[in-house]
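> Dropping the structure in here first, questions after.
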Amino acid sequence: DCQPCGHNVCC
């Protein structure tokens, strides 16, 4: 899983 960090970006 990845955390949302930005407009439509995953971190």
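Every residue gets a Cβ built from N, Cα and C, even glycine.
As the structure is a computational prediction, the values presented were derived from the model and not from experiment.
Under the heading disulfide bond, Swiss-Prot lists Cys2-Cys11, Cys5-Cys10. The site 'Essential for activity' annotation in Swiss-Prot covers Asp1, His7, Asn8.
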> When a 10 Å sphere is centred on the Cβ of Asp1 (site 'Essential for activity'), how many other Cβ atoms does it contain?
3
> Specify the count of other C-beta atoms within 10 Å of the C-beta of Cys2 (disulfide bond).
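Result for Cys2 (disulfide bond): 7 neighbouring Cβ atoms inside 10 Å.
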> Once the chains shown are all counted, how many other Cβ atoms turn up within 10 Å of the Cβ of Asn8 (site 'Essential for activity')?
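A 10 Å sphere around the Cβ of Asn8 (site 'Essential for activity') contains 5 other Cβ atoms.
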> What number of additional C-beta atoms lies within 10 angstroms of the C-beta atom of Cys5 (disulfide bond)?
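So the Cβ neighbour count for Cys5 (disulfide bond) comes to 8.
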> At the Cα level, what's the spacing in Å between Cys11 (disulfide bond) and Cys5 (disulfide bond), rounded?
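Cys5 (disulfide bond) has its Cα 6 Å from the Cα of Cys11 (disulfide bond).
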> Which ones in the same chain are close to Cys10 (disulfide bond), with CB under 8 Å and 6+ residues apart in sequence?
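Non-local contacts for Cys10 (disulfide bond): Cys2, Gln3, Pro4.
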